[in-house]
Amino acid sequence: MEVLMAERANLVFHNKVIDGTAMKRLISRLIEHFGMAYTSHILDQVKTLGFQQATATSISLGIDDLLTIPSKRWLVQDAEQQSLILEKQHHYGNVHAVEKLRQSIEIWYATSEFLRQEMKPNFRMTDPFNPVHIMSFSGARGNASQVHQLVGMRGLMADPQGQMIDLPIQSNLREGLSLTEYIISCYGARKGVVDTAVRTSDAGYLTRRLVEVVQHIVVRRKDCGTVRGISVSPRNGMMPERVFIQTLIGRVLADDIYLGPRCIATRNQDIGSGLVNRFITFRAQPIYIRTPFTCRSTSWICRLCYGRSPTHGDLAELGEAVGIIAGQSIGEPGTQLTLRTFHTGGVFTGGTAEHVRAPSNGKIKFNEDLVHPTRTRHGHPAFLCSIDLYVTIESEDIIHNVNIPPKSFLLVQNDQYVESEQVIAEIRAGTSTLNFKEKVRKHIYSDSEGEMHWNTDVYHAPAFTYGNVHLLPKTSHLWILLGEPCRSDLVALSIHKDQDQMNAHSLSVKRRYISNLSVTNDQARHKFFSSDFSGKKEDRITDYSELNRIGHCNLPYLAILHANSDLLAKRRRNRFIIPLQSIQEHENELMPSSGISIEIPIHGIFRKKSIIAYFDDPRYRRKSSGITKYGTIEVHSIVKKEDLIEYRGVKEFRPKYQMKVDRFFFIPEEVHILPGSSSIMVRNNSIIGVDTQITLTTRSRVGGLVRVERKKKRIELKIFSGDIHFPGETDKISRHSGVLIPPGTGKTNSKESKKWKNWIYVQRITPTKKKYFVLVRPVVTYEITDGINLATLFFPDLLQERDNVQLRVVNYILYGTGKPIRGFYDTSIQLVRTCLVLNWVQDKKSSSIEEARTSFVEIRINSLIRDFLKIDLAKSPILYTGKRKDPSGSGLISENGSDRTNINPFSSSFFYSKARIKESLNQNQGTIHTLLNRNKECQSLIILSSSNCFRMGPFNDVKYHNVIKESIQKDPLIQIRNSLGPLGTALQIANFYSFSHLITYNQILVTNYLQLDNLKQSFQVLKYYLMDENGKIYNPDRCCNIILNPFNLNWFFLHHNYCEETSTTMSLGQFICENVCIAKNGPHLKPGQVLIVQVDSVVIRSAKPYLATPGATVHGHYGEILYEGDTLVTFIYEKSRSGDITQGLPKVEQVLEVRSIDSISMNLEKRVEGWNECITRNLGIPWGFLIGAELTIVQSRISLVNKIQKVYRSQGVQIHNRHIEIIVRQITSKVLVSEDGMSNVFLPGEFIGLLRAERMGRALEEAICYQAVLLGITKASLNTQSFISEASFQETARVLAKAALRGRIDWLKGLKENVVLGGMIPVGTGFKGLVPPSRQHKNIPLETKNKNLFEGEMRDILFHHRKFFDSCLSKNFHDTPEQSFIGFNDS
């Protein structure tokens, strides 16, 4: 007894808490040492001890035991403060909705986590024997987060869709919840209840499908004799030791393992914990183990490939139903896998980021060239470093160096003073490439109504060229200019023209007149005229005077710009052409589209005699090829294409070639240009009919004589239509050759006399020296009309010479005489082009002007179109042409009753110069203003057509005046940028005399605020030019039937004294965010757009900013009217697809059913290509293809196992790899026969076992074409050897009918078939009856011989590349670095 006591005294007393995992470890070690029976006795004693102690403790719980954490109050206050700041930033437009959501979730998550960590120390300090503390941290049941909900705060909850609700529950269950919090927490609770029910049924069904796939797999042999293995390597610390041990224990080695010359383990030895520890200490070379994947047969498994049975820790017995065990061990934990979707670590990020903190106080320095500014995912400014960055922190006595890895955010500026432990950088977490992320869309809706505006370039998404989806290239604001739209159909009628002022009592205000929006224009028009003008209504409108018209209506005609007429900007080397095609509606007749194109060089500079516009007359258009001729003998010299001289990209005329031509001729012929190698099916000089085959692919379109000419590398084949005359007939025609003969020339002949009705072309053809014949070819005659008709084409007003600019209309023929014209396919060829040529006269006073700057402004406003071609002679007054079209014309008679039949493509365009403008001002009440200062220093010009425009002259303040002058001297150029606006053109007028900032459109005239009162009386169709930060001018949409009520435009006024600092910051059209200081007397109060700048004040139109980051999609057009609740922007942001989003069961099921994942890592495709190249390069092409399918299968198997294990491990469930491997082996064991190359044994598209295909190939000694397929578990269950098993799973009738038709035989090898038919199941003891033992023993030695032979061959052929495979696989195919220990070996 004493001896025993003494022994006990020497024993180590293990004074530590033993939790669940420690208990598991203890039990497994006990089993190893003492065996099962002894261990169960020891465990009994432990159990008794536990119950005894628990009874003695007699623990109880009261509400007083729930101690709240004292620091909670200020933590929550701090978080609320941060949220408030965030809300304010969002309101100012500094962060957008997604950033705000992310940040608020992270703020609250951090708070909640911090509280949770405080909880345990708090208990330990205040009351270590608190029952809650003792029970919750014992490791028996319950976890910290549940206690946290009792005594900390409940924190963030998920809504029924699994999205986070960004309003956290601040109370805990001890304090009690408020009503809102209660409702939010009910979401979570309800989700929990539903999930549990759904989860149980899901897990049950998953188990059923799994067992179905593998029910027939039984251990049938001791050794299948395979030579394959999978390599597991503990090297380079890539995988945790725990996983390594778990992978190896219970497996069987596939190859001997050497340490230097010494063999430390032999083939077919099973691995226990001792051996594993030796492997770890020795860091041995890759260890090749046998797995179910490497077993020879798919319908059973051998003992050695399966390894130890998990129940008794020995090799599996023969006849053990390992398939069913595998299915159940994967299915059963399914009930434990949580389906909860709320997160354990930032929802929106791939794990929360790691921080780099400053080691001490000091000044921070880094190389600014290596970083570029960016935004973090929370919208904070930061620097992104693309390579390793060394940061030095200089404190008083010591210099610290900090290395920041690439792709990290630097959160401080250079030379900034940082304090110790301050966060200076954020390392991007989860940079593993195959961490799938899913893209989530978040829509931002407008919360006010008004006009949309954005202030950087916005590109059209190429997929939606004609739609309204735009992409943002850089971070910018979207603004909604507030205003109350008043929508009316009557605006579509022509009574309201743009720029009209209306009395508030006029008809569009009366609600009963605003007809339903669904009524089409015609109906509305009809209704309108019939009701209002028929005299039945008392308040009908008798004349236009009440409408207060400002514009004028003397348009020569009313045109409609067709809704779909797109602006084609054809890129020609260095200019762009804008054809203005309009379909003109004139008393219900549709006129053909005019096809006038204005041509502007990209740099916007015209020389003298440049062509500014041209018109392609459809009468002079041909589809076929041919030759042009001018007249008969005297050929006029005319402007040819070659004589247009290109000077800096501008076409210009040389006058010496301009001669009069009144008619020209076109001789059609069919031309085929063929490559020199092509075979021609017709002979030279033969005569063919229509639609004769010429070459293999082409047929003739006309009949006639064939001429074949061989050039250097091609053959030209021409077909001339016409009559053939042989010279036997004496006629004078045959003497001519290559002559045009006018109509009426007779051809006399003994038998007949014939007069030609049209012009003909006579050509003499000599096939041989003596013989010749004459071909008479038809000719198409074109008369070129002289100037009288041209006046109708271009507006006559244009052609009068004014002051010093002349425009002339010139016709020119594009092809010289006798030039062959080639038409390709169906393109039509324009023969004559009508051009508008610009010229100007030199002013004697001014120095000679060589260039004119031009720009093209296209403005669309409520169905009104203006085209301004602005031509600016540098030192003369500015000239404008305006083109006005009123699509809404409903047949109103123009005021001067002028004849409207004069359809005119350049309609009502005006060229103004000084004198002319003055006149037109008097006539038309101010269509265009030029504003000249007396001293002629600054000229400002506003393109407006109403007296509603206002002008800001040079300020009286001298300083400000200088600024303007300087800017004019600096850059008087007008740049023309070929970038897209709403119509396809947008233009920068910003530098135009710097007054271009003042271009507004149809502005309300507010010289002082009292005038606002008058505005209450009148409505007005309000549109502006919207100008963005780059000075581009955008024009609103033309289809908009919306009148903005100016009284509701939310103006506010701001007094400020102009001083040097402020005046320079204000420019018209500028947007101002909230709290931006623009005046001395404090910050600006509301965000908005500067509408009017006056000497002592500015008028600002209220606006609301929304921030948008690159990649966001903007909906709607520039200047469009938006209503509350319309979608403004869609953000696309990435959430990580880690274990949080599709978690647990759904994820496992997704993998096992081989469902596709929505988003695939971007670089995956490239990797696969690289991998394929790698294989063929190293092994040569035939081998590359041979092992392609094999490697695909092996690789996909490994990757599937890793994926499934990852899900289970993340939930803390331990499943041995071999169970998963058995199932994965079944779903990857079939291949799809891809060609009918298998000598009629298998059909293409048939699923056959991989091993069967290989054996068949060896037997037939020919290559077999098959491709690897992944079947889901359901599909694999329906593709087994046994139709009885299939039928008892799903689709019974279909399976049985098919089996009967095919005459399938069921060999009853599986368990299920035998259960269904009531036979003995072939497992356990019943297994002995199935395989005669004698045969089994004979087989093995024989196979071993083969094995060695085969092993040698395989080694020679493939696997001196073993290293290569390992490296390839680890590089290319692993989800996480953790798994790249598994390579592939086939030695």
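Note that Cβ sites are derived from N, Cα and C of the backbone, with glycine treated the same way.
Under the heading Zn(2+) binding site, Swiss-Prot lists Cys224, Cys295, Cys302, Cys305.
Listed in chain order, the residues near the Zn(2+) site other than Cys224, Cys295, Cys302, Cys305 are Arg221, Asp223, Thr226, Arg290, Pro292, Thr294, Arg296, Ser297, Ile301, Arg303, Leu304, Tyr306, each with its Cβ within 8 Å of the site Cβ centroid. Within the same chain, the residues at least 6 positions away from Cys295 (Zn(2+) binding site) whose Cβ sits under 8 Å from its Cβ are Cys224, Thr226, Ile301, Cys302, Cys305, Tyr306, Arg1225, listed in sequence order.
The number of other Cβ atoms within 10 Å of the Cβ belonging to Cys305 (Zn(2+) binding site), over all protein chains shown, comes to 30. Neighbour count (other Cβ atoms within 10 Å of the Cβ, all protein chains): 22 for Cys302 (Zn(2+) binding site). In the three-state DSSP classification, Cys302 (Zn(2+) binding site) falls within a strand. The secondary structure of Cys295 (Zn(2+) binding site), as reduced to three states from DSSP, is coil rather than helix or strand. Take the CB of Cys224 (Zn(2+) binding site) and look out to 10 A: across all protein chains shown you find 21 other CB atoms. According to its DSSP assignment, Cys224 (Zn(2+) binding site) is coil.
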